[in-house]
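K.L.:
Have a look at this one before I ask anything.
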């Protein structure tokens, strides 16, 4: 799926996850 969508769901779905962590996981 789209990386931005992945980051969005990561940020709202996992407490304490930073944008950088989500971006790393999603790319």
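A Cβ is built for glycine as well, from the same backbone N, Cα and C atoms used for every other residue.
Sequence annotations record features per position, and here Swiss-Prot assigns disulfide bond to 6-26, 10-22 based on experimental evidence.
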K.L.:
Which residues does residue 26 (disulfide bond) neighbour through Cβ under 8 Å, counting only same-chain ones at least six apart?
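P.N.:
The list for residue 26 (disulfide bond) reads 3, 6, 7, 10, given in order along the sequence.
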K.L.:
Give the number of CB atoms, excluding that of residue 6 (disulfide bond) itself, located within 10 Å of its CB.
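P.N.:
15, counting other Cβ atoms within 10 Å of residue 6 (disulfide bond).
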K.L.:
Across all chains shown, how many C-beta atoms besides its own are within 10 angstroms of the C-beta of residue 22 (disulfide bond)?
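P.N.:
Step by step: centre on the Cβ of residue 22 (disulfide bond), count other Cβ atoms within 10 Å, giving 20.
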K.L.:
Check the DSSP secondary structure of residue 22 (disulfide bond), expressed as helix, strand or coil.
P.N.:
helix
